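Asks: Below: one structure in structure tokens.
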Amino acid sequence: MALRHHGSLAVLLLLGLAVACVATDFDFFYLVQQWPGSYCDTEAGCCFPGNEKPAADFGIHGLWPNYAACRPDAVTPNKTSCWPDFCNATDTLNPSLIRDLDSDLRGSWGTLSCKRKNSTEFWSHEWSRHGTCSGMGQRAYFRAALELKARLDLTGALRDAGIAPSDKAEYCLGGGGRNETQLYQVYVCVGRDGRTFFFLEYARSISLY
């Protein structure tokens, strides 16, 4: 019986190590931010929690672990994966762990989705899909994203370059109205430590017709 017990313990330990490796097996993060007005145009409408419009500022879409190169999927044959997701189905968001961040999260990472009108549902989705693969605890994950956004300050950088939110000034190609191009999302590479910026990967725009 003792040998069987020790064998079971060894298997459990190995399974635990395997889960830990999967959860941290990535090369870098994408810090993804989006412009709220462009989101609303892209998604054919949006909803604001409490009917309060967001500030004229980039909002966080997510902090996403990614691979440097796509690889064969470990679970599904004949499929490639470019990022890990849903690394721990049992690790669901516990709102009490991020309660002290609630005000900052609502200001910088609020939902605009009509599907997920409650911001907590949005954060729960981001944690389940991406946060569980980050190697961080729940509070550390959301705190890291907030701190990265504050340090980067995309809106301030654009304002310093003479580009500020406006209903009249145009900074993109197009003739205005629905025939225009808008800046939608900005992807910035962050090291696995969740603190070190690498470079701006790309900015995603949308064309409206």
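Every residue gets a Cβ built from N, Cα and C, even glycine.
Here the structure is a predicted model, which means the values were calculated and not measured.
Pasting the relevant annotations from TrEMBL:
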type	residues	note
SIGNAL	1-23	signal peptide
ACT_SITE	His61	active site
ACT_SITE	Glu126	active site
ACT_SITE	His130	active site
Asks: I'd like the Cβ neighbour count for His61 (active site), meaning other Cβ atoms within 10 Å of its Cβ, all protein chains included.
Replies: 21
Asks: When you measure from the Cβ of His130 (active site), which residues in the chain that are at least 6 apart have a Cβ under 8 Å away?
Replies: Gly62, Leu63, Trp64, Pro65, Asp85
Asks: Cα-Cα, whole number of Å: Glu126 (active site) versus His61 (active site)?
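Replies: So the Cα of His61 (active site) lies 9 Å away from that of Glu126 (active site).
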